[in-house]
Amino acid sequence: MVETGHFALVLAFALALVQFFLPLVGSRTGDARLMATAGPVAVTGFAMTAISFAALTSAYVLSDFSVLNVFENSHSQKPLLYKFSGTWGNHEGSMLLWVLILTFFGALVAAFGRNLPATLRANVLSIQGLIGSAFFLFILATSNPFARLNPAPIEGQDLNPVLQDVGLAIHPPLLYLGYVGFSVCFSFAVAALIEGRIDAAWARWVRPWTLAAWVFLTGGIAMGSFWAYYELGWGGFWFWDPVENASFMPWLAGTALLHSAIVMEKRSALKIWTILLAILTFSLSLLGTFLVRSGVLTSVHAFATDPTRGVFILAILTLFIGGALALFAWRAQSLAPGGIFHPISREGALVLNNLFLSTAVATVLVGTLYPLALEAVTGEKISVGAPFFDLTFGPLMVPLLIAVPFGPLLAWKRADLWAASQRLAFAAGGALLVILFVALFIDRASVFAALGIGLAAWMILGALTDLALKSGIGSVSPGVALRRLAGLPRSAFGTSLAHLGLGLTTLGVVSVTSLQTEHILTMKPGDTVEVSGYQLRFDGLQPFQGQNFTEDRGLFPLLDSDGDVLTTIMSAKRFYPARQMPTTEAGISTRGLSQMYVSLGDPVDGGGIVVRIWWKPFVTLIWLGSVVMMGGGILSLLDRRLRVGAPARRAKKARAATGATG
Amino acid sequence: MTRKQKRLSIILGALAFVGTATGLTFYALGQKTSYFYMPADLTTASIAPGQRIRLGGLVEDGSIVRGQGTRVSFGVSDGGGKVEVVYDGLLPDLFREGQGVVTEGTFGADGTFVADSVLAKHDENYMPKEVADSLKAQGVWQEN
């Protein structure tokens, strides 16, 4: 089975080379048969990669410790779920997942791209094949997951305990679906440059892929943030860690791409910029892969410390980013310029969005790479952390977030800003009331907190205003409005929902950063502490034996102001004997949209224990907002008008209905 | 405005915007970053009280002293020097004697280092990269 997996991987590499070569030659020489090989080869390549991945997974599930990779990262006593997820909880396995998803997207293009012009489809799949070849070669040459170990040990070394979590089982696949999904946009951009032709239809084809990748990446980042929040026990949701930034940069660029592709599709403008963004977005994904996988960063994600891997990925990075940008510099001038528009217009708003987002990407990029560059040049070690990003990223986001509700209300080509402002009067009034309310009635609230929460309210109300205006709520009878609302195109809902989700996430971030309360104290059994109107009692520690760990569970009954027990929060210190490693399991109780978060520290003399308690107002909105954003993306994706090939299918149906011949 | 003027004004606007952002970024890099030091470096470097730095090294054996409540003090050494660190809060899971550690904070007037964060990562073999590099450079620690 293991050798089958290795063999399938080699075959997949060969197929990727074929997928790169034949269709490209076909499109250059106009040979339709060569171009037609792209689809079947892409699908077969995906099947081979899937077989290879299945082989590795089965080695994990069966605890086959004759495989080096399984020995190093698994243990026979590990719960079954983590035997599955352990497949990608290490360098080799996660790279295999990377190419699996890459070939999956290639197969999707082959399957759903039947209505693409033949040369474009051939070129797109060819570029996908080239990316695939590079990564297959990387895996086979430097990170073979199927290497054997002889003699086979009896027991494995286990997966890092902090990775033994449901969140981490789902997180990497979601993240990679996003990361790697942008490869399709990249391939489309490079294919368009090769052909030297680009039009609104190109944007129409690229947009669903961008949307899909964006939805997955949003989910992956939110999931990663949620995991760090509840599993690492330090109560934070975002650390500006280089590894987090590695996925955040493609998200920012992908968000910009999503918006500029709209301008290109509707108005044929911003063509060259959109192509460049498509290239940059995937380049940032590649850069992320390099940062995480090369070992230049030390983090829980950077398993690899082998310098040859770093050099190899750096070479891939240089080849693709350098190659694509060179092609861009050479061919971009030959693309026909797009339409012109007034600065105050929907296009103008989207350009503003792109300007802010791409500058934000640049600041995050500088903050992430500057310490590496400085150390390489001068040997000085510095850390660029939250204070840097708060100072640079924050000021860039605030004006962008203020502008968000205006965008959908502005007309294409030339808009009336004053009219749009009048329509947003209700949202602005609501936001002002929220600011006043927070400033006057919430204890401990600073001016900053009030303004931030007001900004979030402005975005949420603005998104709702947009929907209300489109359906005519308030100006027509409720029945008509409801029917109009139901009849709105799904993409209109998608926009409002995505902006609404952004508002909710902002609300969560601002509330928790400016209004959370923290208590650090030592508690003995029977002690009670008051936190935000609740009473938290400590009932002592209880030992517990898990499947592959032991733990001391601290029991904390949560009482309301009347002294009734609402729930018992359990916070634990765990110990994994296989790795001799302790972990902290935070105890979290959700009260409405807020949470009580209890983390255990070390025991102190006299039977007490250090306890850290946070009250986190509206913290759940950070992730709920992301889910709403994803919902918006999915709705847009389901919009019939955006579906690739929908018009063609309708035309076919129409032809069939009229019984046309030929 | 003609097409050309319009395009020019958009480009100039964008440049001004990007320029502001660049200025802000460099200002932030100058103000908001903290340098990393090992105890041995501190004998030669002069660090003003109140200046934020990251201090790394090994937690000295037998140096962990728990004070009132959640206060804890410990020594950080690297063979070439030793610094007394005071910290108020929860220590990370992997904080132990002899373990590599990175703390971030400022020096108090009395020469003790007041840390507001203590980092140790998620792996039992983990040695913070900066610490490992410095120790290797001094020959105190070899990779096994």
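Just so it is clear, glycine is given a Cβ too, placed from its N, Cα and C backbone atoms.
Beyond the transmembrane segment (A:6-26), the same-chain residues lying 6 or more positions past its ends with a Cβ under 8 Å from any Cβ of the stretch are 32-38, 41-42, 44-45, 48-49, 51-52, 55, 96, 99, 103, 106, 122-123, 125-130, 132-133, 136-137, 139-140, 144, 146. Annotated transmembrane segment per TrEMBL: A:6-26 (among others), in sequence order.
Counting only same-chain residues 6+ beyond the ends of the transmembrane segment (A:38-62), those with a CB under 8 A from a CB of the stretch are 1-2, 4-6, 8-9, 11-12, 15-16, 18-19, 22-23, 26, 69-70, 74, 80, 83-84, 86-87, 93, 96-97, 99-100, 103-104, 106-107, 109-111, 121-122, 125-126, 128-129, 132, 145-146. TrEMBL lists A:38-62 (among others) with the feature transmembrane segment.
Annotation source TrEMBL lists domain 'Cytochrome c assembly protein' at A:88-294.
What TrEMBL records for A:95-112 (among others) is transmembrane segment. Nonlocal intrachain contacts for the transmembrane segment (A:95-112), taken as residues 6+ away from its ends with a CB within less than 8 angstroms of a stretch CB, comprise 9, 12, 16, 19, 38-40, 42-43, 45-46, 49-50, 52-53, 56, 87-88, 121, 124-125, 128-129, 131-132, 135-136, 138-139, 143, 145, 172-173, 176-177, 179-181, 183-184, 187, 209, 289, 293, 644-645.
Annotated transmembrane segment per TrEMBL: A:124-141 (among others), in sequence order. Same-chain residues lying 6+ beyond the ends of the transmembrane segment (A:124-141) with a Cβ under 8 Å from its Cβ atoms: 9-10, 12-13, 16-21, 23-24, 27, 38-39, 41-42, 45, 92, 95-96, 98-99, 102-103, 105-106, 109-110, 113, 116, 183-184, 186-188, 190-191, 309, 312-313, 316, 319-320.
For A:174-194 (among others), the entry in TrEMBL reads transmembrane segment. Under 8 Å from some Cβ of the transmembrane segment (A:174-194) lie the Cβ atoms of residues 27, 94, 97-98, 101-102, 105, 108-109, 120, 123-128, 131, 202, 205-206, 209-210, 212-221, 223-224, 247, 250-251, 254, 257, 275-276, 278-279, 281-283, 285, 288-289, 320, 324, 327-328, 331-332, 335, all in the same chain and six or more residues away from its ends.
Panel annotation: around the transmembrane segment (A:206-228), residues 105, 109, 165, 167-168, 170-172, 174-182, 184-185, 188-189, 236-239, 244, 247-248, 250-251, 254-255, 257-258, 261-262, 265, 278, 622-623, 626-627, 629-630, 633-634, 636-637, 642-644 of the same chain, lying at least six beyond its termini, place a Cβ under 8 Å from a Cβ of the stretch. Under the heading transmembrane segment, TrEMBL lists A:206-228 (among others).
Annotated transmembrane segment per TrEMBL: A:248-265 (among others), in sequence order.
Residues or ranges marked as transmembrane segment in TrEMBL: A:272-291 (among others). Remote same-chain partners of the transmembrane segment (A:272-291), defined as residues 6 or more beyond its termini with a Cβ less than 8 Å from a stretch Cβ, comprise 98, 179-180, 182-183, 185-186, 188-190, 192-193, 198, 203, 206, 210, 242-243, 246-247, 249-250, 253-254, 256-257, 260-261, 263-264, 297, 302, 310, 313-314, 316-317, 320-321, 324-325, 328, 332, 335, 337, 354, 358, 361, 365, 368.
According to TrEMBL, the feature domain 'Cytochrome c-type biogenesis protein CcmF C-terminal' maps to A:314-640.
A Cβ distance under 8 Å defines the sequence-distant neighbours of the transmembrane segment (A:351-373), meaning residues of its chain 6+ beyond its ends; these are 240, 242, 245-246, 248-249, 252-253, 255-256, 259-260, 263, 270, 273, 277, 280, 284, 291, 296-297, 381-384, 388-389, 392-393, 396-397, 399-400, 403, 407. Per TrEMBL, the feature transmembrane segment maps to A:351-373 (among others).
What TrEMBL lists as transmembrane segment is A:424-442 (among others). Note on the transmembrane segment (A:424-442): residues 405-406, 409, 449-451, 453-455, 457-458, 461-462, 464-465, 515 of its chain, located 6 or more positions outside it, place their CB under 8 angstroms from a CB of the stretch.
Annotation comment: TrEMBL describes A:448-469 (among others) as transmembrane segment.
Sequence-distant contacts of the transmembrane segment (A:490-515), counting only residues of its own chain at least 6 positions beyond either end whose CB sits under 8 Å from a CB of the stretch, comprise 237, 401, 404-405, 408, 442, 444-446, 448-449, 452-453, 455-460, 462-464, 466-467, 470, 616-642. According to TrEMBL, the transmembrane segment annotation covers A:490-515 (among others).
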Could you pull out which residues elsewhere in the chain have a CB under 8 Å from any CB of the transmembrane segment (A:248-265), counting only those six or more residues past its ends?
-> 178-179, 182, 185, 200, 202-204, 206-207, 210-211, 213-214, 217-218, 221, 271, 273-274, 277-278, 280-282, 284-285, 287-288, 338, 346-347, 350-351, 353-354, 357-358, 360-361, 364-365, 368
Mean of pLDDT values spanning the domain 'Cytochrome c assembly protein' (A:88-294) = 91
